[in-house]
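Marked as active site, proton acceptor by Swiss-Prot on the basis of sequence analysis: Glu124. Marked as domain 'Radical SAM core' by Swiss-Prot: 130-379. For Cys137-Cys382, the entry in Swiss-Prot reads disulfide bond. The [4Fe-4S] cluster binding site annotation in Swiss-Prot covers Cys144, Cys148, Cys151, and the record cites sequence analysis as its basis. Residues annotated as S-adenosyl-L-methionine binding site in Swiss-Prot: Gly208, Glu209, Ser240, Ser262, Leu263, His264, Asn339. Feature annotation from Swiss-Prot assigns active site, S-methylcysteine intermediate to Cys382; the stated evidence is sequence analysis.
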Amino acid sequence: MSAIDVMTPSKLKPMPVSQPVELSPKPSLIGLTREEMGAALKEKGVADKQVKMRVSQLWNWIYVRGVSDFDAMANVSKDMREMLKAHFTIARPEIVEEQVSNDGTRKWLLRFPPRGAGRPVEVETVYIPEEGRGTLCVSSQVGCSLTCSFCHTGTQRLVRNLTAEEILSQLLLARDRLGDFPDREAPQGTIMPAEGRKVSNMVMMGMGEPLYNFESVKTALLIASDGDGLSLSKRRITLSTSGVVPEIYRTGDEIGVMLAISLHAVRDDLRDMLVPINKKYPLKELMDACRAYPGLSNARRITFEYVMLKGVNDSLEDAKGLIQLLKGIPSKINLIPFNPWPGTNYQCSDWEQIEKFADFINAAGYASPIRTPRGRDILAACGQLKSDSERMRKTERLAFEAMMIANHGED
């Protein structure tokens, strides 16, 4: 039996989803730590002796059962449910658009309600079904400040960070839509693993730089990996960064998930152009942080992502430099055929050259899979994500970026 189960007929039927709470001032319980959830309940009058029990109940209903309506919590008293409805929400974001690629990749454009005096924002989340696993690509920011020259998201101005709730809500909504919670069914025609979890892996590789939103990402990933809730193994969660060196150290110490580096060049002069954060954290500093990442072994390697750009970084000299750069680091090198997007000046390397590059690296003892492009037809592939939320004024954006730089010790 194939590890991929294709449901028929193939015509997509949107399944009912919970309606978002529009302009709701009520805080969400999603994304709160147990301690924060307990404090929120106490503030609304829950007796001290009941708080721990109530938190356990809510945790199970939200993250194990996947409910988005307090009335579905069958073992919670009616009075308690009424209090929860009056003061809190566990609603999902609004699905603005759902697209399904010919290869089964699924992309959601999600809208989150305003924060404070802000406006609603939109982000993209992508589900990639493969044999034996299903990977969810999650966004951490609305837009991005890093302006990597080959990345479509980099052309979208940074609007704001996502909260821990908004990061986790992408995972909860995907599991809703894919029938990955009890008593849920996926739309007919959905391609997904035939056995086990529909969302087995989570990668912080969507819109934004996760390590410029460290605290929210940390909270979300620790909740996602909590053994009494969503229970994703930390070895099945990968955080991808362009190289925010100070926070790479913190990621290893405080989160402990798998690490991926958006590398793309082996010389500082070229990487300065492709990945401008390299001007602040050059390759030597980045490699030092990688070598210090806790728990590295042949079974726990850092993934280095390398987009193949024709005539830019795809020579055998580049391959030789890559081998030298990664010496002593347990590594896997993902070679990514460049995914075109409207307005780009880059081209994908010829397939023959990509294979030569991969063979050269493989001969040196490094795993060097060529990533199969997924979801290109719906702009869901690596480097293609972008939403229409570009509403932060220039002065606000520059102030926000200056704050982030100050918080990371930049000049």
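Think of each number as a place in line: the chain as shown, counted from 1.
Just so you know, glycine gets a Cβ as well, placed from its N, Cα and C.
Using a 10 Å radius centred on the Cβ of Cys137 (disulfide bond) and all shown protein chains, the other Cβ atoms total 28. Here Cys144 ([4Fe-4S] cluster binding site) is positioned 7 angstrom away from Glu209 (S-adenosyl-L-methionine binding site), judged by their C-alpha atoms. Within 10 Å of the C-beta atom of Leu263 (S-adenosyl-L-methionine binding site) sit 29 other C-beta atoms, taking all shown protein chains into account.
Here the C-alpha separation of Ser240 (S-adenosyl-L-methionine binding site) and Cys137 (disulfide bond) works out to 11 Å. Note on the domain 'Radical SAM core' (130-379): mean pLDDT across this stretch is 92.
Summary: among the binding-site residues (Cys144, Cys148, Cys151), the fewest other C-beta atoms within 10 A of the C-beta are counted at Cys148.
Sorted by the number of other CB atoms within 10 A, the recorded positions Glu124, Glu209 start with Glu124, the lowest. Under the DSSP three-state reduction, Cys137 (disulfide bond) is assigned to strand. Put simply, Ser262 (S-adenosyl-L-methionine binding site) is 10 Å from Cys148 ([4Fe-4S] cluster binding site) when counted between their Cα atoms. For the pair His264 (S-adenosyl-L-methionine binding site) and Cys144 ([4Fe-4S] cluster binding site), the C-alpha distance works out to 18 angstrom. Of Glu124, Cys144, Cys151, Leu263, Asn339, all annotated as recorded positions, the residue with the shortest Cα distance to Cys137 (disulfide bond) is Glu124.
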